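Below you'll find the structure, written out as structure tokens, and then a few comments.
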Amino acid sequence: MDAYSLSPTDSTTYSSDTFSTEFHTDAIAPPGNTPGNYTLDYNECFFNFCECCPPEKGPMGPMGERGLPGPPGERGPLGLPGEKGETGLRGPPGPAGLPGANGLNGDIGEKGDQGPVGLPGVPGIPGKPGEKGDPGLKGDKGERGFSGLKGDPGERGEPGLNGTKGSIGREGPMGPGLAGTKGLKGEQGLKGECLQGEKGERGPPGLRGEMGLNGTDGVKGERGEPGPLGGKGDTGARGPPGPPGGRGMAGLRGEKGLKGVRGPRGPKGPPGESVEQIRSAFSVGLFPSRSFPPPSLPVKFDKVFYNGEGHWDPTLNKFNVTYPGVYLFSYHITVRNRPVRAALVVNGVRKLRTRDSLYGQDIDQASNLALLHLTDGDQVWLETLRDWNGXYSSSEDDSTFSGFLLYPDTKKPTAMENL
């Protein structure tokens, strides 16, 4: 009881839901405004009937005696599930109880200690084979395996057909001709002689004259005319050798010489570099549940016979070309109840087509094979056309699709490498 409760001497009684839980002021609402039965003594007319005059809160009274236990309350609603508590310590084993009903599957507990080996149980009834699971995701590419041992040499093949005549080769460069010999110095020409005029006859001696005075120098005479050309002289001595002459024109190609004697065997060369063997192949089949595949879509080959390199994609039902080169593809289709038209498709282009017109319960086989040159990134698959989708498979008959790399492309030598 609180400060607002009635005194112990009051004879007023109320039901459990007398007072309302909503208040307009701090005062307690009058009992007449609440539902339920109650009794009011006339001496208690001082009780607050009006919200305008709320009573003041008095001091807290002494704690009363403990009342009798009330009747059990109604069961409340189911509470929210609590959080999972931590695993407690393992208690001592209790006595074996009676087998209870099977409870709900609980969370997986921690792995316990290994118990003692039990007695062999009664063999159970063999279960039914489970349904086939969905194909798993494509695994990561495995690491490179070790190089295999060198195989035995194969048998010698039959001689090939005569090849076509090759085109005429280009004109070769000028050959290293011999340099011409140094020419001899030409002979020196003869010295020409000038003819001398004939000497005149001597005149008679004159009288001796007296010594005359020294005369002045006379005027210098004019140069005389050149004499006539002399005759050819004798051959002179041999002169020194002249300068080397220019390079002569290349001579004609000589005849092929005789084959020389075989030389001695050369030393053993260093070991060559190891070449990684490139492989790419697949072989898949059709499960009976995939018979009569939908047309114009890649046929879903689920039965994998070989896919060692992982180049066949089972999710897309396509072969992914990883190495450029020449590939061989073949397919063998069992036909039943309806005709079939199949096509080998490369990047959306139908390269090879096959048809087999069959009706009724007869069974037939349609097959084909082709060599294709493909590049890195190409995709190859098999599909049926329109409503001619009689591809069939059973426990006795298979429809297969296979392919492998026949030989990869090789690097072509450049002009500099040829030199």
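Placement of Cβ uses the backbone N, Cα and C atoms for every residue, glycine included.
Since we're looking at a predicted model, the values are computed, not measured.
Per Swiss-Prot, signal peptide is recorded for 1-19, and the stated evidence type is sequence analysis.
The region 'Nonhelical region (NC2)' annotation in Swiss-Prot covers 20-57.
Residues or ranges marked as N-linked glycosylation site in Swiss-Prot (evidence: sequence analysis): ASN37 (among others).
The region 'Triple-helical region (COL1)' annotation in Swiss-Prot covers 58-274. In this model, the region 'Triple-helical region (COL1)' (58-274) carries an average pLDDT of 73.
Residues annotated as region 'Disordered' in Swiss-Prot: 63-275.
Per Swiss-Prot, the feature compositional bias 'Basic and acidic residues' maps to 129-144 (among others).
Feature annotation from Swiss-Prot assigns compositional bias 'Basic and acidic residues' to 184-202 (among others).
According to Swiss-Prot, the compositional bias 'Gly residues' annotation covers 227-236.
The domain 'C1q' annotation in Swiss-Prot covers 275-412 and is backed by sequence analysis. Sorting the domain 'C1q' (275-412) by DSSP state (H, G, I as helix; E, B as strand; all else coil) yields 3 helix, 83 strand, 52 coil.
Around the Cβ of ASN320 (N-linked glycosylation site), the same chain contributes HIS311, TRP312, ASP313, GLY377, ASP378, GLN379, each under 8 angstroms and 6 or more positions distant in sequence. Summarising the annotation, Swiss-Prot assigns N-linked glycosylation site to ASN320 (among others) and lists sequence analysis as the type of evidence.
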